[in-house]
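Taken verbatim from Swiss-Prot:
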ACT_SITE  Lys96  active site, schiff-base intermediate with DXP
BINDING   Gly157, Ala183, Gly184, Ala205, Ser206  1-deoxy-D-xylulose 5-phosphate binding site
Amino acid sequence: MLHIADKTFDSHLIMGTGGATSQALLEESLVASGTQLTTVAMRRHQATTSSGESIFAMLRRLEIALLPNTAGCRTARDAVLTAQLAREALDTNWVKVEVIADEHTLLPDTVELLDACELLVHDGFTVLAYTSDDPITASRLEDCGVAAVMPLGSPIGTGLGILNPHNIELICSRASVPVILDAGVGTASDATLAMELGCDGVLLASAINRAQNPVAMAESMFHAVEAGRLAAQAGRIPQRQHAVASSSFEGLASWAEQVL
């Protein structure tokens, strides 16, 4: 179970809608992923599509909870305004907060992010904060009262995987709120590693929506997240510099004994 604030989800995979080539394909991918929570960027959402059904109506039909986000915002003020508009339009106080430093790297502006999160928490929002892989920033976000910390594995859309696994593991070991890896996942093994490092969940969009076969990739991500979660619970063996035999050498017949 993934527990965030006052909600519980069976799936540890959160899927984003960005980059999908069609709503029909997006729907197939959402179902294949098993996700129960999905993000929608308010700034680029279209109320309806050529099919006539809005993405919000589709999510309600699929019984998938909606997580509006503030993608594209560059200041705390813009992020707060976007969150407030989303709450008014969608009747939800949940929001994924993104405040981007520039359009080239899409890395978080952590100063503006902290300001936005503090204001939104004070305004009654349940805040999930997209942030860098810096453990200090993660701790400060937790101090602000966010419901979940969402460090990046690598820059958005790069598919580079987890560039700093030590920091992700450190954030997980210190956090008392859920840690959800967000951004940079390229394939299933990246999602598995995130869970093995101690993350409570994985959020991804491009890895599925821009894959050659999005539905197949969505299914692989479903299994990858579960595999990583089970591996983390099972506990890996210690890493060693030298070989350790799995079977004892005692009782082995030797050539010398046969000759004698």
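Cβ coordinates are placed from backbone N, Cα and C, and glycine is handled just like the others.
Here the structure is a predicted model, which means the values were calculated and not measured.
A map of Swiss-Prot features onto the structure.
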{"residue": "Lys96", "record": "active site, schiff-base intermediate with DXP", "Cβ within 10 Å": "27"}
{"residue": "Gly157", "record": "1-deoxy-D-xylulose 5-phosphate binding site", "Cβ within 10 Å": "16"}
{"residue": "Ala183", "record": "1-deoxy-D-xylulose 5-phosphate binding site", "Cβ within 10 Å": "27"}
{"residue": "Gly184", "record": "1-deoxy-D-xylulose 5-phosphate binding site", "Cβ within 10 Å": "24"}
{"residue": "Ala205", "record": "1-deoxy-D-xylulose 5-phosphate binding site", "Cβ within 10 Å": "24"}
{"residue": "Ser206", "record": "1-deoxy-D-xylulose 5-phosphate binding site", "Cβ within 10 Å": "19"}
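In the three-state DSSP scheme, Ser206 (1-deoxy-D-xylulose 5-phosphate binding site) falls into the helix class. Same-chain neighbours of the 1-deoxy-D-xylulose 5-phosphate site beyond Gly157, Ala183, Gly184, Ala205, Ser206, judged by a C-beta within 8 angstroms of the site's C-beta center, are, in sequence order, Gly16, Pro155, Ile156, Thr158, Gly159, Val185, Leu204, Ala207. Taken over all pairs of the listed 1-deoxy-D-xylulose 5-phosphate-binding residues (Gly157, Ala183, Gly184, Ala205, Ser206), the Cα spread reaches a maximum of 9 Å, rounded to the nearest whole number.
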